[in-house]
Every structure is written in C-alpha cells, then in structure tokens.
Amino acid sequence: MKTIIALSYIFCLVLGQDFPGNDNSTATLCLGHHAVPNGTLVKTITNDQIEVTNATELVQSSSTGKICNNPHRILDGINCTLIDALLGDPHCDGFQNETWDLFVERSKAFSNCYPYDVPDYASLRSLVASSGTLEFINEGFTWTGVTQNGGSNACKRGPDSGFFSRLNWLYKSGSAYPVLNVTMPNNDNFDKLYIWGVHHPSTDQEQTNLYVQASGRVTVSTKRSQQTIIPNIGSRPWVRGLSSRISIYWTIVKPGDILVINSNGNLIAPRGYFKMRTGKSSIMRSDAPIGTCISECITPNGSIPNDKPFQNVNKITYGACPKYVKQNTLKLATGMRNVPEKQTRGIFGAIAGFIENGWEGMIDGWYGFRHQNSEGTGQAADLKSTQAAIDQINGKLNRVIEKTNEKFHQIEKEFSEVEGRIQDLEKYVEDTKIDLWSYNAELLVALENQHTIDLTDSEMNKLFEKTRRQLRENAEDMGNGCFKIYHKCDNACIGSIRNGTYDHDVYRDEALNNRFQIKGVELKSGYKDWILWISFAISCFLLCVVLLGFIMWACQKGNIRCNICI
C-alpha cells in the first residue's frame, strides 16, 4: 500500500511540473533583462544601497600631480613671490612686463632686497594677480632738491648696491630735503596702479642723516582718496643686516583723476605705473611641477580632469572645474537594477523571466526574450526598448556636469591678523557653502539614480505589456515573467512576437483547443497540496494499523507481556 501511495505522489508531482517545450503543441516565452554577477551599489532616495548593473563615478579624487600649461598660460614664480616681482627685487628682474592666466607661487620663494612689509598685502596681491600682467610704464616724475636712486648693500644688483627697480629711494641733497609736491594726471582710458613706500629708519640719527628733518611725512592723494603716513622710527629685528624697514602702499588712479604726492622726507617714490587690466587671472600657491599637457582645471595638487561634476582634491581651483564636495565617492547609475541570475532552476532546468531574476550574458541589449519550443531554446535582445532606455540615460552625466561645473576660479582667501574676525566669518561661510554643495550633490545623484532605476523598470514593464497584448488569450501569464503559449510556435512564430508582427487570430482556434485539453489533465498547485495531505494522512493511518496489529499478534504469542500496576 505504501509503495502505491509513494508512486501516486511522484506521479502527481510529475504531472504538476511544467515542461517548457516538452509538448510540440505548446511553447514557453520569457522576457528578461540584463544582469551581471557582481553589480555596483548606488544610493537612491528610497534606498541607501541598491545594486545596479553599471554605474559611473562622479567624484574626481586624484590629480595628475602636475600643472598643465595648456590652455591656461602659467607663469612659474620659481624663487619670487608676486609682490617681489611687482616691486622689482633684483633676483626677480626676469618677470618684468610678464603676463599670465595663473601665477604659481612656490614655497621656496624668498625676498632678497631691502626688508619691507605691505600693510594690505593680501589685497595688493589679489589685485595684481587678477590683472594678469606686470606691464610697467615709466613716467617723468620731477623730484627737485633731493638725491634719487638710493641703494643698499642688502639689495645688491650684481656686485653693486641696488634697490627695487620699480621704486625710487629719495634722500637729502647736501644738507637739505625740501618739501616735495608732485602731480601726475591720468589722461588715459585705463586704471593706473602706483606703488610707493615710506622708509622707517631704525634710529633718530639715521633719520636726520637721510632726511634732515627729525620726523618726515608722506601724503598721497587722488580725487577719491588720501593716505598720510608718518614714519615710525625704531629698531626692529635684523634682516639682511638691517633693522630699518620700508612699508609699501599702493594707489589706483582712474581715468581723468590726478595723483598728488606731498612729502618732507622718508618717501620711496614711484617710477611709473602698472597698467591695470580686467580679467579672470589669478594666483595659486603650489609646489606641483608644470608639465606639457592640457587641462581646464588646476588645483594646488596639480591639474585634474573636468569630465566629472564633483571633486574632492582641493577647495582651491582655477578654470572650469568640478564642484568641490566632501564625499570621496558618488556613483551615478548608468544601468538597470541588478538581479543576478540563479544558476540552477530545478531538476528540469525551466527558464524564468524578469520577475524572478535577470539574465547574465546578454551582450546585444538590456532587454530580451528567451524561448523553449519544439525546435529547442533561444535568446534574442529587444533593441527598441534597449535603445529607449539608453537614450534617456546617456545624457544624464553631461546634464549633471553642466549643472555643477564652475566656470570661474575659487581663489585663496588671505587676511591680515587684524582681520581675524573677518577671516573666521569667511571660513564659516565657505565651510557652510561646501556642506550645502555636498548635501545637494548627494541629493542630486540619489534623485537621478532613482529616476534611472524607475525608468529601466518601466521599459521592462512596457515590453511585457506589449507582449501580453499581442498574445491575448493564446497564452497564459505564468507569473514569473514568462508566457505559456498554447499553440505550436516555431522560431518564426517566436520572431514575429519579438518584432511585433504576431497575428493572434491565426493561432486562436489551436490555442483554445489545446488550452482545454491541457487544463483537463493539468493539476494545479492547490490540488497537489490536497493530494499531499491526503497521502500523508493515509500513510500515517496505515502505519498505525500495522503497528497495532503487530503488538496484538506478539501478545497472543507470548512474545510481549504487559503488566499493569496500581
């Protein structure tokens, strides 16, 4: 009896198992999408980690290690700072009248002339850097009653004592230093930058030896501004054998304005003016070497590609650069949701569609068909739905780059010690800006990823619905992304379904007839469950009957004795 029940159970399972293609009068057609063994995790709005078939890194995290000299004109400061080149330090004479897009200052740069300070150093440096030129025009200033072209052993030009080439050190002539009053109009149509200075002697004796008066004064004026400087006499730390100093100042004279210089001593006079230009030139501190290459974006670490929308190499940039963010990585989904293919599909090797898993090895497209029929099995891509998805995804990266790439430079921020509060505020604003951009970048990528996954899922569903509408009652949805076709469907028939030329009316009668025949003997999963339960109950009942009969027989034969104690 048990043998009969077991065989009945196996027979039922066999009848309940679908054999795609095992009947010449039916076929199975499955729809699926591309999958890879190991996908890439991306972030979406609804999921922190979702696996996709392909993704593109959006954050540039490394530089080339060198500053490219094309397309930007790079001027290497070598041993000179921009201000030393501006003043005309003897070892910076090679920079006279130079131009640049980006002036690169090196950490090894040094001054090699009379010790000086610039009270508004950062502003002057930024002003000259943005002008992009050291073009200098000499002017005929008349300094009557004084000696010109003073020099110092601390500023040698060759073997001789020298001075800054763009400045004129004036001191007494004989025993007199008259009051100087010189004017210079700007009759041109551009701004002129005048550099001048005030000498601070280390002792009163040095003051009178050079300028006669015990205390000098320098006043420089235009129609828009006036600066009056009184020298501060006193000893300072020794630099290149000197304890005196020069303070450097600057004045911009606009077209139609006039420069007025008045002094009774201590004047370091201008020799002319620098021609100011408007532009987007800049300056950057960097020790990266300058190489022969092409790059639109430059950082102190070196040039970086700008084919990504974000970078975390350096906050300081020049050129058309990716936006700086805090994240080390942001991945943009450029493929669909990845569901790796199951390697085994049961004892009969049935195929399955997109609802269960993806398909690996699809090289001709993202979406496609697999079939089993009387001629065997096959697979083909659906190029139309694949192209529809690709067309919408292809432009995503370019659109993100267009939204984020900066077409201007982010300059270094410098403040003097007395501007500490301003510097703190600026740093807070800059950090807040970076935080906001980092958040916006993550949100933007998550939104784009969500859209990509929804889009690719939608294309799969569109293809499935298109196939369902073609087959109509000639096939049954198996619930796993496959259709069981109730008529003979050879490879030509399968091809007509794929390309949209399938005529369901041609196969309607055959499909209807086969459906009724198959349904008459096909056991649904619900009936199989009932058979399993009934078989189990009968088996248990028979086992109990056999066991009880054995016990009764053994008792009668005396092989088993039962004692009941109270």
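Glycine is no exception: its Cβ is also placed from the backbone N, Cα and C atoms.
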CYS293 - recorded disulfide partner, Swiss-Prot, among CYS68, CYS80, CYS92: CYS68
Proximal residue to CYS92 (disulfide bond) among recorded positions ASN79, CYS321, CYS493, ASN499 (C-alpha distance): ASN79
CB contacts for CYS113 (disulfide bond) [other CB atoms within 10 A, all chains]: 24
Per-residue Cβ crowding (10 Å cut-off), top of disulfide-bonded residues CYS80, CYS92, CYS293, CYS493: CYS92
DSSP three-state assignment (helix, strand or coil) for ASN54 (N-linked glycosylation site): coil
Cβ neighbour count (within 10 Å, all chains shown) around ASN499 (N-linked glycosylation site): 11
